[in-house]
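According to TrEMBL, the protein has these features:
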- 12-29: transmembrane segment (TRANSMEM)
- 96-262: domain 'Glycosyltransferase RgtA/B/C/D-like' (DOMAIN)
- 116-138: transmembrane segment (TRANSMEM)
- 145-164: transmembrane segment (TRANSMEM)
- 170-191: transmembrane segment (TRANSMEM)
- 203-226: transmembrane segment (TRANSMEM)
- 246-268: transmembrane segment (TRANSMEM)
- 311-327: transmembrane segment (TRANSMEM)
- 334-351: transmembrane segment (TRANSMEM)
- 363-382: transmembrane segment (TRANSMEM)
- 444-466: transmembrane segment (TRANSMEM)
Amino acid sequence: MIKKITLDSIWFRNLLIIVIVLGVVFRFYNLDRKVYWYDETMTSLRISGHTRTELVEEIFDGQIISVQNLLKYYQFPNYQKDINDTINSLAGNPEHSPLYYLMARLWLQTFGNSVATIRLLSVIISLLALPCAYWLCLELFGSKLIGWVAVAIIAISPFHVLYAQEAREYSLWTVTILLSSAVLLWAMNSSRIKQLIKKPYRWIIYSFTVALALYTHPFSAFVLIGQGLYVLITEGGRWTKGVTSYLLACLGGVLLFSPWLIIVIINFSKFIANTDSVNHSRSGFLPLFWTLNLSRIFFDVNQGIHPLSPLHYLSLCLAVYALYYLCRKAPQHAWVFIITLIGVTGIALIAPDVLLGGRRSSITRYAIPCYLGIQLAIAYFLTTEAKNSGQLTKDKGKKGLPTMGMMNGNLANPEDRQNQQVRGDHDMVPMGKTRQNPKPWKSIAIALAFSGILSCIVSSQLPVWWHKSYAKSRNNPSVAAWINQIPQPLLISNEIPGRVLSLCHLLRPDVQLMLLDKSNSSTNIPEIPEGFKNVLLYRPSEELRQGIETTYNYRVKPTDQSWLWKLSR
């Protein structure tokens, strides 16, 4: 007998729809109005086929160049450099796997050069994470509704929305983590039902996802180790066909990745030098950064770190309880998978910082596998509690977006019901019965939806946010607006290239630049050319300011804009 849909079930379904739609909309909103910050300019530099050394030698030499030409040749693909030059540029930064950069170059060559265009690629990629999360939940829990709840949580997460709008590889990394995880479980299911010989293509597909993940981010190795640990645990520590298949598939993926692995080995000294900054400890108590970063996947209004912030501890309590609930209620294979996904990457980031010092574990984007695992656990917790409270009535429903009767798929067939219970729905409430329990799940669901929507509304209106190195980018919009209003400006700077490029993306194309290498600008003071009504200094070093005043008898006065000085006689 089909029961009538209750008010609560309609409310819950509508909440999911609204949250998912808004999460998609926020990803597209104001793409070109956010500051194109340091790391994004380095992305564009590599895509253009130039290296940082080439940029400094060719442009930071005291010669005059327009903003238009600087961006044209050093921030976007052009006829001077081809895709081989992009690969060579990436080889000098082997800590960045090449897949996203090659995709971005081809994307720009196809659809045109602009900040909005390159960020649009990241947005589209980020949308692929939603069906991947849904598929992963189907394989992990056998529940369509858990899949939709996970999709909603990821869709409206302010953290995922922020990185969906970044010209960087992190939205692609999110997709490869979810995709490789779903394919692994899909392949493991074929092993369990003894169809390995009939369906070897599943492991072949997994092998390709391993290669995709490694070509996207080197920290994918931690995810793969976690997946291997999961396989070993679920196979009881025995050498089974599943373990053999996993090892062969991983080996195949590593072989596909071997061309870039060879480049990493050859340039390993550069790899170490380029990542040395993570070895420098941050000021402050490291666990506070962990709780701050955790809170940002749920609620983010650019809040700073504070030991008494209730948001940090509420987020921590939710995550810990959701994981505890998962381990108590979910089938073993489900909670083991999520714990290994979180644990291996978490230990790999935290252990070196605690034992040797460093800041790896305080960098939010490095912990994406951990955050995805936590979000999956919360999806399981909310859905299972909603179901157990009897508020989600079983109904026939329609295809597409979930009705409450789709929570566990079609269980009309007794065999299907038995298989479903094996995969984790052992807490089903019998038809016609409800549990008169309190409903904290509803308050939590509303709070997560509201906090995510509010966070995205606030961040979407501002050009600079914490993930764009706020302290080093916050004044660029006002500085650029001030420069763009004055006639015939000449902008002189010996700031590091990435910060100059970030400002240039906000300037008029006709603004003229005189750029200097900071390493020798104190001894080679440039001659100030005639013909410019306004000569400005952007974030100059103290040596450059004093050198200009001493050598050419100029007065260097600060303007009403931070980071900007003006020359006068």
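Note that Cβ sites are derived from N, Cα and C of the backbone, with glycine treated the same way.
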So which of 12-29, 203-226, 444-466 is most in touch with the transmembrane segment (334-351), counting Cβ pairs under 8 Å?
203-226
Under a criterion of three or more Cβ pairs within a distance under 8 Å and sequence separation of at least 6, are the transmembrane segment (12-29) and the transmembrane segment (444-466) in contact?
yes
Sequence-remote partners of the transmembrane segment (170-191) [C-beta within less than 8 Å, at least six residues beyond its ends]:
99-100, 103, 122-123, 125-126, 128-129, 132-133, 135-136, 138-140, 160, 163-164, 198-199, 202-203, 205-206, 209-210, 212-213, 216-217, 219-220, 223-224, 227, 230-231, 234, 240-242, 245-246, 249, 337, 341, 365, 368-369, 372
Please average pLDDT over the domain 'Glycosyltransferase RgtA/B/C/D-like' (96-262) for the predicted structure.
93
